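Quick look at what TrEMBL annotates:
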type	residues	note
REGION	1-50	region 'Disordered'
COMPBIAS	17-31	compositional bias 'Low complexity'
COMPBIAS	38-49	compositional bias 'Low complexity'
DOMAIN	70-240	domain 'Protein kinase'
BINDING	Lys98	ATP binding site
Amino acid sequence: MSCFPCSGSSGKAGEDAAALSPSPRPSAAKPAPDRSNSRSSSSVRRGGSIPHGPAKIFTFRELAIATKNFRKDCLLGEGGFGRVYKGHMENGQVIAVKQLDRNGFQGNREFLVEVLMLSLLHHPNLVRLIGYCADGDQRLLVYEYMLLGSLENHLHDRPPDREPLDWNARMRIAVGAAKGLEYLHDKANPPVIYRDFKPSNILLSEDYYPKLSDFGLAKLGPVGENTHVSTRVMGTSESH
């Protein structure tokens, strides 16, 4: 896979990358990056720079093969930023591939924020980013595949053969989602304000284990005595 196009500066997204730490203890040593799965890259067009981290870099060809050239029968869902496809890697690993809208500036912005967030934040109740692709104008994110889909699929428009969630499953989902939020708001340093908490962004693995996804709208929270909350989305150079 090619590196990111070198047509933009890192801007404030780079500042966010420097400020954000996955550990609540500033003195904790950072693990060395996995050189086998990552390499240096330049800034994302009109967005900023992607920090070095364990996320793997994929070529567009690899992901096209994994999703059968993004065939309709591999489509898992569609949202405001793009489409999500189910894919199979050559080693048998099942993945979810989010292909962002190539024509949307917001898509580029969300790509940068998603990679930044999920490369630095790690918790059992956050979806795991496996890697990403930035070939030419293509922007794709590769996640672990969540077998049971989103919580929304189990609450609304259920097919006749799908049973409603029982009480134990609902409580497991509620507690797990709350733990993910607690990590973002109280344990990450600096804290991260999720801002997109809804059933479609709570993904479920086996046994209805929940994980939060989609960090494109997240913001940095206040630190120490500073009670100000950033008015801009992580990774952007604009105020909203």
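Note that Cβ sites are derived from N, Cα and C of the backbone, with glycine treated the same way.
Reduced to three states, the DSSP call for Lys98 (ATP binding site) is strand. In the predicted model, the domain 'Protein kinase' (70-240) has a mean pLDDT of 84.
Neighbour density for the residue listed as 'ATP binding site': within 10 A of its CB lie 24 other CB atoms from the protein chains shown.
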